[in-house]
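Beneath this line is the structure, given in structure tokens, with notes to follow.
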Amino acid sequence: MACPVQFLCRAVRTVGLVLFYYVFSIGITFYNKWLMKGFHYPLFMTLVHLTIIFCLSTLTRSAMQCWTGKPRVMLNWTDYLSKVAPVAMATALDIGLSNWSFLFITISLYTMTKSSAVLFILFFSLVFKLEEPNPYLIVVVLLIASGLFMFTFESTQFNLEGFLMVLLASFIGGIRWTLTQVLMQKAELGLQNPVDTMYHLQPVMFMGLFPLFLFNEGLTLSTSEKLFRVHELSSLLYSLVTLSIGGSLAFGLGFSEFLLVSKTSSLTLSIAGIFKEVCTLLLATYLLGDRMSELKWMGFAVCVCGISLHVGLKTYCSKSRGHTFRQLPFKNSPDLELPLLHLNLEEDESSEDNDGN
């Protein structure tokens, strides 16, 4: 009876961790869309989220240091500016443009377009020689591109400006996650733990996004009754609380992903990503009135097939060759909606990496 009981306990634990991840992942998407309906300052919202993530990362690092008795990694300025800053700048633009796009497009179009980042990650992975050339990648690219075309073809809820923002964010996301992979694979930097990575990224992300915020939103926000010209304290507190909720969801997303991968495997997160995208589209349809035609669902299905084929091939190749490819790190920000980018790592390896940090 020991084996069935252990299997049941592991299954219950896995389902619980997946649901915990879904709460933050789906929650941050709908939260951003909901907030943008009445608060038209996405860059300021992003800056607030970055500040909250930095504060929570600092508290978490301090708690981990007290628990383990070991000091957390702190990079010197040379490594910080030369290796962390480029990743932070790309991350800031990816997040900022993604949040900005919610002013113009629906959640369904955002979710679908953001998934195209797989194409750009593949491209930059080949450029940086992190991915081995494979003829099957052509099929993956065609499936994802075809699915995106079918989804946006003659869409009545299509907005070109928002679509281009998300597409540009996906392109920058390809650069971002390729550089992040290189950064986290440098063992001498000691940034294998996502909490340490988030802690080091947030300051440069804030400084990189701040000039863009001043140029686009600084004047209007300074004269807005939402914050600086507010007449009632209750309105100000309401704005601050709603913004703080998003920052907490953003940090919780990174933490839930790290917990899911460390306790199961990155393949579990990949498979969970498929159902998360489906749940997001279904909720957007029934809760927000996003219109999903048969052609859109067909395009989404084609895109999911392409992403699934990509991960399936990588998992098969890693097993047949007796080793794992270098994997793209799992997401540590709320705005990277890239399912199925993770290779299958054994649970013991994931647990050892987690314990080592």
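The first residue you see is number 1, and the count goes up from there.
Backbone N, Cα and C define each Cβ position, glycine as well.
Among the features that TrEMBL reports, transmembrane segment is placed at 12-32, 38-59, 103-128, 135-153, 159-179, 199-216, 236-255, 267-289. As annotated by TrEMBL, domain 'Sugar phosphate transporter' applies to 16-309.
With Cβ pairs under 8 Å as the measure, the transmembrane segment (236-255) is packed most heavily against 38-59, out of 12-32, 38-59, 103-128, 159-179, 199-216. The stretch from 12-32, 38-59, 103-128, 159-179, 199-216 that makes the most Cβ contacts under 8 Å with the transmembrane segment (135-153) is 103-128. For the transmembrane segment (103-128), same-chain residues at least 6 beyond its ends with a Cβ under 8 Å from one of its own Cβ atoms are 29-30, 33, 36, 40, 42, 137, 140-141, 144-145, 147-148, 151-152, 155, 157-159, 161-163, 165-167, 169-171, 173-175, 177-178, 181-182, 277, 280-281, 283-285, 288, 290, 292, 296, 299-300, 303, 306-307, 310, 328, 336-341. Confidence across the domain 'Sugar phosphate transporter' (16-309), taken as the mean pLDDT and rounded to a whole number, stands at 81.
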